[in-house]
Amino acid sequence: WGKAAKYDPSFRGPIKNRGCTDIICCVLFLLFILGYIVVGLVAWVYGDPRQVIYPRNSTGAYCGIGDNKDKPYVLYFNILSCAVATNIISVAQNGLQCPTPQVCVSSCPEALWSVEGNQYLKTVGEVYNENRIFCLPEVPSNMVSASPMPTSHPSALFSLPALGRCFPLTNVNFTLPNYPWINSSTVSQGISGLLDSINARDISVKIFEDFAHSWYWILIALAVALGLSLLFLLLLRLVAGPLVLLLIVGVLAVLAYGIYHCWQQYRALRDKGASISDLGFTTNLSAYQSVQETWLAALIVLAVVEGILLLLLIFLRQRIRIAIALLKEASRAVGQMMSTLFYPLVTFVLLVICIAYWAMTALYPLFSPSLSSEYVYWASNASAPGCESVSLNSSCDPMAPPKNSSCPGLTCAFQGYSSTGLAQRSLFNLQIYGVLGLFWTVNWVLALGQCVLAGAFASFYWAFHKPQDIPTFPLCSAFIRTLRYHTGSLAFGALILTLVQIARIILEYIDHKLRGAQNPVARCIICCFKCCLWCLEKFIKFLNRNAYIMIAIYGKNFCVSAKNAFMLLMRNIVRVVVLDKVTDLLLFFGKLLVVGGVGVLSFFFFSGRIKGLGKDFENPQLNYYWLPIMTSIVGAYVIASGFFSVFGMCVDTLFLCFLEDLERNDGSVNRPYYMPKSLLKILGKKNQAPDKKRKK
């Protein structure tokens, strides 16, 4: 695993005289960002945000603006096609565009109206007269009503506007017109499904009201979470040892209770004579709870785990003490550099910028609609007898006479709007570029935060006299140093992680497509690949994290830093495992304490179970009292994760510095240790030079 680090008399912590690393990757990253900006400009030039805000009719004209300023709503000629043609998700993704003509109207129909059978031989002007607003703009008044396809006639149902569309109500008694393309059995279900997707508007109003009445108390809950997180980290230097001991004893106690419970269940079933031989093989897994062999196997497994943990505690007690000492030192470092606790705010702002830019680029419609509409032959049941010879989805003319066909319900339906242009033809490639840009920039921002914090905490460890030798503004210095010299190295590590994440997304997509195939071999292979990529992603995150620490300290390129970090960790693999698990256990308990405390307080307050607080502290009247509770819990988790991520980075940085310190120095006058006295005492080492003669 490589050679131990050699003593360097000029080394005093993070090297200041360093050069730029991974310049090629830096140039590629900057060029990629430039291209990402170009993609945003393309979206801005070719996109039309009005598509998201305003509905459109069949000609592509917007309702509510321009010539249709007084007609803000869209009426669907055959609203049922929205329900039977596709699912609600697809309809929503396509902007509620259904395979039926659409027209802008000033108000939604307030009564049932449709063209009767004896009116088909009259002209459009005679039939519609005051209902002319429901006609397509291109339909002339002197045209015979029976000339176009049947679905060119709207069926006006009593409806209310929602999201700029007219949706019928199902609680009004009416008789549907007798059209062959209408299946009365699906009407109620189809319309109800559409209305269920639109009813979110009423829910959103109630949610907004709840936030308006409870935002002040939510902020107080988040402030409590911030205070608890900060207090927990600062108190770790005092209670880290007892807290770790308590957690270890708690884990052992839980396992001991599990062993006791399994023994009780096994003895009871053994006395009854319940055996797996009587049960046999069954796919009902719950049935195995009633046989003695299940509880005996569980008892053996828990007993083995309990024994292994006890042996590990006995043989690794020294390394556990080192882990506790490093946790205390990390708490001390955070206390000396309080600004590091608020650096996650910088990371959060940068992440918001990256995600918001990607969302604006992706959601800003890369679509320049022409005013020409596309109509295709469509049938509600393509597998019906007589539809085999019809070429469905082929283009048609809605103004042409009806096509003689034996296919029931064959119509010339509105499909969408034709689109042309370079941006439209390259839309998929631009979206792939945008997704790659999102992952690369987000991973780069996270890498920047890790490297900056590592540089600051390394400055703390390698300060001989603390806090006198700690550099002024270590966090700002590390930030500037990282941006100036190591943008390319961070981009290199972020790109490797991004490629693995993109591969995982592709596998998830393939797995989603194969679920309907019911091919067990393919599913098994995909699951194996997914598991391997998940492990690879975890390993790369771990390797990148430690590589960034080495970059922050020594200023070398990514590959060299990753190699040195990996070799150093492998030379101390047992210490790595112990420290990692002790830190994870402690931070998990801290998150549980913060989130659980805020959640319990929020529940008792917003549910009105805390009485006698006075008028100024009464809980607000809410539609959904669980909403501010969940918001407080999620916010508390985000705050605790931000604080504890800083602490975790501090522990990892100090640990690598500690390992380097052990290899570089020997405690002599010329090579004194930089580690705190508590670690020297645990290791049985000491510095031969008195404190007043230590090198500065």
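Backbone N, Cα and C define each Cβ position, glycine as well.
In TrEMBL, annotation is done automatically, which means it is predicted and not curated.
Copied over from TrEMBL, here are the features:
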type	residues	note
TRANSMEM	21-46	transmembrane segment
TRANSMEM	215-236	transmembrane segment
TRANSMEM	243-260	transmembrane segment
TRANSMEM	295-316	transmembrane segment
TRANSMEM	337-360	transmembrane segment
TRANSMEM	444-464	transmembrane segment
TRANSMEM	485-507	transmembrane segment
TRANSMEM	547-570	transmembrane segment
TRANSMEM	582-606	transmembrane segment
TRANSMEM	626-659	transmembrane segment
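Against the transmembrane segment (582-606), stretch 215-236 has more CB pairs under 8 A than any other of 21-46, 215-236, 243-260, 444-464, 485-507. Scored by C-beta pairs under 8 angstroms, the transmembrane segment (215-236) has its highest count with 626-659, from the stretches 21-46, 337-360, 444-464, 626-659. Sequence-distant contacts of the transmembrane segment (444-464), counting only residues of its own chain at least 6 positions beyond either end whose CB sits under 8 Å from a CB of the stretch, comprise 11-14, 29, 330, 333, 336-337, 340, 343-344, 346-347, 350-351, 354, 470-471, 474-475, 477-479, 481-483, 486, 490-491, 493-494, 544-545, 548-549, 551-553, 646, 649-650, 652-654, 657-658, 661, 672, 674-675, 694-696.
Within the chain, the transmembrane segment (626-659) has long-range Cβ neighbours (under 8 A, six or more residues past its boundaries) at 207, 210-211, 214, 217-218, 221-222, 224-226, 228-230, 233, 236, 326-327, 329-331, 333-334, 340-341, 343-345, 348, 450, 453-454, 457-458, 460-462, 545-546, 549-550, 552-553, 565, 568-569, 571-572, 575-576, 579, 583, 587, 590-591, 594-595, 598-599, 602-603, 606-607, 674-675, 679. Beyond its flanks by at least six residues, the transmembrane segment (547-570) meets 1-2, 5, 13-15, 18-19, 21-22, 25, 447, 450-452, 454-455, 458, 478, 481-482, 485-486, 489-490, 492-493, 576, 652-653, 656-657, 659-660, 663 of its own chain at Cβ-Cβ distances under 8 Å.
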